[in-house]
Structure formats: C-alpha cells, structure tokens
Amino acid sequence: MSGMAFLPSPVVVRVPATSANLGPGFDALGLALTLYDVVEARVTGGGVSVEVSGEGAGDLPSDESHLVVRAMRRAFEVLGERPAGLALRCRNGIPQARGLGSSSAAIVAGIVLARGLVTDGAARMDDAAALVLADAIEGHPDNVAPCLLGGFTIAWTGERGASAVRREPDPRIRPVVFVPEERGLTETARAALPKTVPHADAAFNAGRAALLVHALTGDPDRLFAATEDRLHQDYRADGMPFTADLVARLRGEGVAAVVSGAGPSVLAFGVDGRTPPPVPGWRVLPLDVDVVGARLGGAA
Ligand code: HSE
C-alpha cells in the first residue's frame, strides 16, 4: 500500500432500494426505487467504527461484520489496497429484511465507497467489474444490478459472473410498496423452492418475463398479465401467508401486484395516477423508479 493510495477526505454514496423478480423474472429482473441508504466512509489510522441511524439502528453491527465493511474489504482486495482503518456513517432509509434489497444496497455501497476512496479506483474497477463482485457477495444479481445501475435491469450469470443491461422504464409506471412489520430471510424463502419445476410452468414464466420487459418499457397496460408467476411465489406463500393474501387481494382488484424480491413486502404497479388503494396494517410507500442507481458524492 502506498500512502497516496487513498483520498484524505470522506466519500459519500447514495444507494437505492430495489425490488427483484417483479413476478416472473426470478433472479433476473429488478427495479430501482426512490428510497435510499446514504453512507459516508473515510480511511482512518486504525480500527473500524460504524454509526447507523434510521432503519436498522440498534440492530446492525458496528464492527468488521457490518455488511458495508465486508463489501469494502472485498473491493479493497480486488483493488490491491489495504486501508489501516475505516470510519462509516450510515443513514438508512431502506427497511431491512423486507425484500427491498437492503443487503444489496449495503454491498453496492461498500464496493462503490471502496472504489471512491482509492485515488484511481474508478479506473481500476469499472461498473461491470463492480457488478461481478456484488453478485459474488450477494449470490444472485437481480437486486445488485438495479442498485448499481438504476432503472429497470435484466441480469444474468455466465462463466465470468454476472452481467446486466439497463432499460428505461415507462415514465407512467408508479411503483407502490407495501411493507409489513414482519421480517423475512431470503435464505428461508429460497429453501422453500423445489429443485425442479414442471416444463409447462417454466414455459409460462418465460413468456410472462418476456412480456414484462415489453410492458415495463412502453406498454404498462400489459403489466397485469406480465406479472403472473409460477416459479416462486406460490411455493413461498406458506412462509408469508399475509403477503400471499395481499397479493391475491390486490390482483383481485385488478392491480398488478407481486411479492417484492423474496418478500415479505409487496410491490404493486400504479399506472397514470391509478395507484393501488391503501391497506390497513401495512406501511404504504408510493415511490418512483430511481433512474440514477448508486451515486457517489453529496452530503451524508
Ligand atoms: N431473486 C431473489 C429471490 C431475490 O427471490 O430469492 C431476493 O431478494
């Protein structure tokens, strides 16, 4: 490590919440939302400190085990640098463990902060490499891709890791997120999935996922049909019956509603001012699509 490797001043990143799957696009499709964590990091002479305010304050660790710190360490390894110490301040707006990409936001924040703290970090790690690393830490690319790139993303994994393309979502689309009190673990929700699925269900989802790309990027009237899924939501319903009930109820009213990521939040699409009705007992967040993704700079 050279003494000139790091910026002397703190860097700040803003990272968006994300909703993955969007119904049929399991582990592939994702949308960035206008709800954010903001994290400031600086290199210090030694030790690690993490201050958390907002969502997760009091629950999240304040040492090396904090996910932002772990992601920073992995990114510094790739960049070939080792800071003596780190100090972080996290102002979290993304509800934790609700299927809104809080862990992906922490991972992307850590990678972008590490890259921003190294003087020529952006030249040494481009967004494609950052996405590969983020996916390697998270285990699936459908939240980290929209978190990093913003907008609507289609992600896939090949021999060299994750890749993604970003598409501009139709501006008439208004995502509304319903957030329950209950938390959910992605590992538990993934464990509920079968090892194999009927060919007819795979074919059903392939058609719906293709239609969803069309609907989200210019034909939102097709969103209701495009958000049908047979690959994950029903298998997970027993683990979050209140979520399955809300999705069924909204869909019964003609609203294109899906489980957000692995749940238990629900994502519904409003179009042209027709927003879904409020639901008692759920925190209802009318949002927009974030079109920027992870953004370095600004104030903590
Ligand atoms: N595609 C992932 C899953 C998203 O459904 O398990 C987790 O947020």
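Placed from the backbone N, Cα and C atoms, the Cβ positions cover glycine too.
For the domain 'GHMP kinase N-terminal' (67-151), the DSSP-based tally of helix, strand and coil residues reads 51 helix, 9 strand, 25 coil. Summarising the annotation, TrEMBL assigns domain 'GHMP kinase N-terminal' to 67-151.
Taken from TrEMBL, the feature ATP binding site applies to Pro95, Gln96, Ala97, Arg98, Gly99, Leu100, Gly101, Ser102, Ser103, Ser104, Ala105. Counting every protein chain shown, the number of other Cβ atoms lying within 10 Å of the Cβ of Gly101 (ATP binding site) is 31.
Ranking the binding-site residues Ala97, Ala105 by how many Cβ atoms sit within 10 Å of each one's Cβ puts Ala105 at the top. Here the domain 'GHMP kinase N-terminal' (67-151) has a mean pLDDT of 97 out of 100. Surrounding the centroid of the Cβ atoms of Pro95, Gln96, Ala97, Arg98, Gly99, Leu100, Gly101, Ser102, Ser103, Ser104, Ala105, where the record places ATP, the chain contributes additional residues within 8 Å, namely Ala17, Ile94, Gly261. Residues within less than 8 Å, Cβ to Cβ, of Gly99 (ATP binding site) and separated from it by at least 6 positions along the same chain comprise Ser19, Ala20, Gly184, Thr186, Val259, Ser260, Gly261, Ala262, Gly263, Pro264, Ser265.
The local packing around Pro95 (ATP binding site), expressed as other Cβ atoms within 10 Å of its Cβ over all shown chains, amounts to 21. Around Ser103 (ATP binding site), the same-chain residues at least 6 positions away in sequence with a Cβ under 8 Å from its Cβ are Leu67, Glu138, Asn143, Thr186.
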